[in-house]
Amino acid sequence: RYTHDEESAEDQEESGWKYIHGDVFRFPKNKSLLAACLGSGTQLFTLTVFIFILALVGVFYPYNRGALFTALVIIYALTSGIAGYAATSFYCQLEGTNWVRNLLLTGCLFCGPLFLTFCFLNTVAIVYSATAALPFGTIVVIVLIWTLVTSPLLVLGGIAGKNSKAEFQAPCRTAKYPREIPPLPWYRQTIPQMIMAGFLPFSAIYIELYYIFASVWGHRIYTIYSILFIVFIILLIVTAFITVALTYFQLAAEDHEWWWRSFLCGGSTGLFVYGYCLYYYHARSDMSGFMQTSFFFGYMACICYGFFLMLGMVGFRAALLFVRHIYRSIKCE
């Protein structure tokens, strides 16, 4: 009887997250896309931090919108090497072979949708003869920056990432055949988990969003960058913790496909912010007409997409650190 109890205790010990140690570090599907998302997210995170530093130092004057726009373009161009390095080094760690394709994907992942949106909205502004249309000279300068600075730095970062020769650190050896994932209740599926993961970080920034929207799309002036920076740090911490918690519950349910899930859960706050855009447009703003509507929803879609990539990267990095930590603590055969 005693040995029987001991055996059942051992079985219980092996259930849950410990039971799937042979599958938890199995590389995900679409690893090139995941690496590109992480590269772009890392770049946007660095860009945001630099913008905050400049804002806290006092570079942006309340009435000068142009300084912020110029800083965004220049810092984005200069940080593209970070995207190339982060994406390609991670892709090569996942034993990816076509790093050039991965680099192209990284370069187009955020810039592509942004460029298409900009072309459409600028055309709308020209048709309406609005002052929001960028002059031809400015567009030429942006294209030159992209061609002469952004692209070469992206390639240099990619080459450095490819040559970094870092190996993926997995505390457990991966089993030859993937274990079948047991059927899961509906609330453990990806979309319900994303809703749960996005709601908490969104509620942390909800109050501040109104003031930001009012200063960008209304006529208010935003000067309290220090409070905004604190809110940003809280957002990062809450995103990391909620993603780690959901990853643990996912592994405890013997679902080992956590790679994409952690990224999507981390980034889901971006979708909530876009949902807030709908509320703000209808309830708080006095915008109307095709041009104002398309400008608001077009540019906010790009900002929320950038938010999604950045917070997705934060969520994934936190989950990866956590998963490595818990599996290092058990003896993996």
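Glycine is treated like the rest: Cβ placed from N, Cα and C.
TrEMBL labels come from automatic prediction, so no person has curated them.
If you look up TrEMBL, you'll see 33-61 (among others) marked as transmembrane segment. Only residues 6 or more beyond the boundaries of the transmembrane segment (33-61), in the same chain, are considered here, and those with a CB under 8 A from a CB of the stretch are 67-68, 71-72, 75-76, 79-80, 82-88, 90-91, 94, 96, 102, 105-106, 109-110, 225-226, 228-229, 232, 259-260, 263, 267, 306, 309-314, 316-317.
What TrEMBL lists as transmembrane segment is 67-91 (among others). For the transmembrane segment (67-91), same-chain residues at least 6 beyond its ends with a Cβ under 8 Å from one of its own Cβ atoms are 31-32, 34-36, 38-40, 42-43, 46-47, 50-51, 54, 59-61, 99, 102-103, 105-107, 142, 145-146, 149-151, 153-162, 164, 166.
Within the chain carrying the transmembrane segment (103-128), a Cβ under 8 angstroms from the stretch's Cβ atoms is held by residues 32-33, 35-37, 39-40, 43-44, 80, 83-84, 87-88, 134, 139, 146, 150-151, 154-155, 158, 290-291, 294-295, 298-299, 301-302, 305-306, 309, all 6 or more beyond its ends. Feature annotation from TrEMBL assigns transmembrane segment to 103-128 (among others).
Annotated transmembrane segment per TrEMBL: 134-156 (among others), in sequence order. Using a Cβ-Cβ cut-off under 8 Å and counting only residues 6 or more beyond its ends in the same chain, the transmembrane segment (134-156) has close neighbours at 73-74, 76-78, 80-81, 83-84, 103, 106-107, 111, 122, 125.
Under the heading transmembrane segment, TrEMBL lists 194-213 (among others).
Per TrEMBL, the feature transmembrane segment maps to 225-246 (among others). Listed as Cβ neighbours of the transmembrane segment (225-246) (distance under 8 Å, sequence separation of 6 or more from its ends, same chain) are residues 48, 52, 55-56, 60, 193, 196-197, 200-201, 204-205, 208, 212, 261-262, 265-266, 269, 311, 314-319, 322.
Residues annotated as transmembrane segment in TrEMBL: 258-281 (among others). Residues 24, 27-30, 34, 37-38, 41, 190, 193-199, 201-202, 205-206, 209-210, 213, 217, 235, 239-240, 242-243, 246-247, 250-251, 287, 293, 296-297, 300-301, 303-316, 318-320, 323 of the same chain lie 6+ residues outside the transmembrane segment (258-281) yet bring a C-beta within less than 8 angstroms of a C-beta in it.
The transmembrane segment feature in TrEMBL is assigned to 296-323 (among others). Among residues of the same chain six or more beyond the transmembrane segment (296-323), those with a C-beta under 8 A of the stretch's C-beta atoms are 24-25, 37-38, 40-42, 44-45, 48, 109-110, 113-114, 117, 120-121, 197, 201, 217, 235-236, 239-244, 247-248, 251, 258-259, 262-271, 273-274, 277, 281, 285, 287.
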